[in-house]
Each structure stands twice: as C-alpha cells, then as structure tokens.
Amino acid sequence: MQKVNLSTVSEFVFVGLSDAPEIRLLLFVLFLLIYLATLAGNITLLVAISTDSHLHSPMYFFLSNLSLLDLLCPTITVPKMLRALLLEHKEISFSGCLLQHFSLIAVVGTEIFLLAAMAYDRYVAVCHPLRYPSIVSTKLCAQLAVGTWAAGLLNSLLHTSLLFTLSFCGPNKIQQYYCDIPPVLALSCSPTRSRELVILVVAGVLGSSACVLTVLSYIHILREILSRNSPGIWHKAFSTCGSHLTVVCLFYGTTICTYVRPSFSYSPHRDRVVSMLYGMLTPLLNPIIYSLRNKEVKCALRRVISRVRSAL
C-alpha cells in the first residue's frame, strides 16, 4: 500500500525575492503595479471579447480562455508574495501550500493544451479557410475548451498527489515565493527520485504532445504559405498567426527553464527570477501582444474604452 503523508511540518516559510529591508518596499510597489496592470489588461480583453460581436469567433473564444488563465496565474501567487514583502508574513500552512500548488499546476497545464488548440485553430484558418466555419464549429470549440481544462486539472491532481504524499520532517523554508515542485521536493525527507522521475515523465509526455501538435500545425502552415507563393501571403499569415506564435515562444521558453530539468540543477536565485518572468511578466505581455498585432482587438478595445468614458 502507498504510504500516507507522515509530515511533521505544519507550515512552510517562503524565502522571497529579497530580504533586504531597504528595497522591500520598492519591490512591493513594482510588483503591485505589474499585478494591477495584468489584471486591467486581461479583464479589459475579456470584456472586449464578450461584448463586441465582431470578436465572437473561435479564435477570440480561445483567446478569452487564455486571458482567464492569465488572470488566475498571478492571482494564485502574487498576493501572497506582496503580503510577505509588506508585512513580512512569509508563512503558509501545509494545506495552503497544497492548494496553491494544485491551482498553479492546473493553470500551467491548461495553458499548454489551450495553446495547442489555438495552434490547430490557426492551422485550419490558414490551410482550409473555406471549410473553417464547418470544421472549427461552436461544438468543437466547447469540446476543446472543456478538454484543455479537464486535462490541466487531472495533470495537476497527479502531480500534487505525488508531491504532497511525501514526508516533510525537517527544514520548512521554501526557496521560492510560492509552492512550486522543485523547492518543495528539496524539503522532503523521503526518497524522491522515483516520484521525480514519474513527474518528469508525465509532464514530458503531456507537454511534448501539446508541443508537437503546435509545431506540426505551424509546419503545415509554413508549407501552405510556400506552396501558394502569392503576393501578400506572408503578411497575411503573420497577421493571422504572429501573435499566437509570439505567445507560444514566450510561454514555452519560460516554462522549460522553470520545470524541464532534473532537481540537481535547481538554483534558487536563478529560479526565482525565471519564475517571476513566467508568473508575472508573461500574463502581462499576452494581452499586449494580441492587442498590438490585431486590428480587430484594437478596435474593440477602443469601443470598450469609449463606452467606459461615456458611462463615467
């Protein structure tokens, strides 16, 4: 039978980005502004997509799901970090750490599958434009969205059960500003090699499958562009796929640096910076990327801002 958790640790203590009191307030203000800008950008994008009939299409349906994930990701970790910077309250209960870890991994996993679904949507739009409405139907969009969220939750449930059924009976200082896999694994007094291997294999299989689907979609898009060789085709394809491709590169770059490596290469100081890039800057940049590269989104945002001004 599998061992139950024999933890004698009732709480963990975060080691934040800086313990220097002279810059703690500066970091608090900086991260608060980034967090508020992230909330404002993604909420505005969600409002624009839901209220503007011009954006009621599969592409923007998936984009609204991405914006929701970009709202959840920093909300899971940043408020606790801000509290630690302002009040020096760095403790989190064992159950609180478990819940934070489960929520964060669920959001990360869902976003991986959602980006793959968005890549398939772009493939159909470029390679089969006449059949696009019949292929990417409302029913298929709903199925893909439910599938991505379900896969993310199941993946997180597996990772969380493997991690938090270990024994924690010694140090309780997490070398991070949230409950992530590598720093929590480092605190366990149980053998972790087998579970670490399972986590890497599962994450590798699921992540690689989504990544392969994304890459194959863009390979077919590139082949279609080269086969047509018509004037303006490159500009049209880039305007259709450029924003998504930029977001994919940003997401996979930071995620790979954070998770896809063995625990012996774990570096607390470097990983805090990388985690900050993934957890705070990526959700901030995603709505900006889509807004700058998409005329329909920019027009919708102007209409939303105009309505808000009129209401005020």
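Glycine residues also receive a Cβ, built from the backbone N, Cα and C atoms like all the rest.
Feature annotation from TrEMBL assigns domain 'G-protein coupled receptors family 1 profile' to 41-290. Residues annotated as transmembrane segment in TrEMBL: 25-48, 60-78, 98-120, 140-158, 197-221, 233-253, 273-292.
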Query - Contact set, same chain, for the transmembrane segment (60-78): CB under 8 Å, 6 or more residues outside the stretch - result: 31, 35, 38-39, 42-43, 45-46, 49-50, 100, 103-104, 107-108, 110-111, 114-115, 117-118, 121, 141, 144-145, 148, 177-178, 247, 279-280, 282-283, 286-287, 290, 297
**Report entry** Mean predicted confidence [pLDDT] for the domain 'G-protein coupled receptors family 1 profile' (41-290)
**Finding:** 84
Query - Beyond the flanks of the transmembrane segment (197-221) by 6 or more, those residues with Cβ under 8 Å of it - result: 109, 112-113, 115-116, 119-120, 122-123, 126-127, 151, 155, 158-159, 162-163, 181, 237, 241, 245, 248, 252, 255, 259-260, 262
